[in-house]
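Asks: Structure below; questions to follow.
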Amino acid sequence: MEIMGEFGAFSSEDMDGDEEGLLNDVEVNGSWTPQEKALHEARLKAKAKRRVRRTSSRDSTRESLSDNGADLGGDPTSPKGKTNAGDRKSRMGKGRGLPKKGGAGGKGVWGAAGMVYEMEEPDAKDPNYDESSQGDTVYATVTPELDERELEKTVSPIVQEYFEHGDTKEVQMLLEGLNLGHNKYAVSSLAVSLSLEGKASHRELTSRLLSDMVGKVLTEKDMARAFDKMLADLPDLILDTPEAPQMLGQFIARAIADHALPMGFLDCYKGKVDCDHARAALDRAAVLLSMKTKMVRLDNVWGVGGGLRPVKHLIKEMNLLLKEYLISGEVSEAERCLRDLEVPHFHHELVYEAVVMVLESKGESAISMMVKLLKAFWETGLITLDQMNRGFQRVYDELPEINLDVPHAHTIMESFVDLCYQESVITKQLRDACPSSRGRKRFVSEGDGGTIKQ
């Protein structure tokens, strides 16, 4: 903008310093126009504002540098109050005007002066991480601890399989591979509960398992805790097994005799039992232990089961079973007794004894009753085809000797075999293998006119 006056033309950009005094002289001479006077007043106000703004910026910069102990030798008139290139003060006009991060941090900055760095652990996610330079690496398998439900689901098949093979070392090896945690006592209580629903041989195997696990997988305290739990659960156990109190008492007595339970286990319950079922179990254990003055192993508390029985004992039991059947005629009771013997591989002896008993009996009732019994055993699958064939074949082989004591043994045997074949107890091949009392047979081809020669 140009201003025309008595001294010629000049612009607003040239009006500064000495020129301002020149304008004052023009005003003194009274030669100012109204426009020149208004412009002069506007410039004075703008100049005063710039002076105030510059002074406030300089003061704030000095205060910031004095707070941080910085050198005040910078130029306070630098843009935005910037004193030097290393200043870390916020440029956004926010905050207290102090350097960011206390003067530390940022790109290419190691940190504040005097800071001491400690040794940091190597980060596996670091792109420069070298696993081989970290020394020997040890890999460990972490097995989660089993809760009560998972323990029952995992251990039950192990115990059921143990009832088949009877190897306690295999059970210990499988249990050592599990993280049983504080629920490991439940292994023994679970094994006892499963055996209560099984056979006598299962209970014998369970007692052996408890004895072998103490000191290896379980402690005496764990065993005592398990039996404490079973005594408390007796009201529920008798719903499925009415004889549970007596059986549990036998388990306790056997465990104490095998040193699987502390000797003072029963003393802890004296006068402290309110449940009748628990009291019956403890009384049963006390009676069994009092019968053994020298605390020997109660090996026969469950009886001798299965193939562990002597052969003579099994033969005696089978003879007694057949004689009781001929008196009572109860097929179901005979079947139950045979199952309790738990010797399916020895059932051919029952067939042999039954046939011999028929040969030595008098009257037709024994024949019909034995056919009925063998048919029931065959239909239920209690006696297999192999065991049935072996039993009859043994009688065939010994028939000449039996005939010495029973003269009509061949005749009785033939009629008995024919009746068994009619009831589908034996096969046609086994029937045809029966020895005949008529000796060798000669037929029409031998020229005898179709007659059978004695």
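Glycine is no exception: its Cβ is also placed from the backbone N, Cα and C atoms.
For reference, TrEMBL lists these features for the protein:
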REGION    1-106  region 'Disordered'
COMPBIAS  13-22  compositional bias 'Acidic residues'
COMPBIAS  45-55  compositional bias 'Basic residues'
COMPBIAS  56-65  compositional bias 'Basic and acidic residues'
DOMAIN    150-271  domain 'MI'
DOMAIN    313-436  domain 'MI'
Asks: Using DSSP, how many residues of the domain 'MI' (313-436) fall into helix, strand and coil, respectively?
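Replies: Counting residues by DSSP class gives 100 helix, 0 strand, 24 coil.
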Asks: Please spell out the DSSP helix, strand and coil residue counts for the compositional bias 'Basic residues' (45-55).
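Replies: In the compositional bias 'Basic residues' (45-55), the DSSP-based counts are 11 helix, 0 strand, 0 coil.
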Asks: Give the mean pLDDT for the domain 'MI' (313-436) on the 0 to 100 scale.
Replies: 90
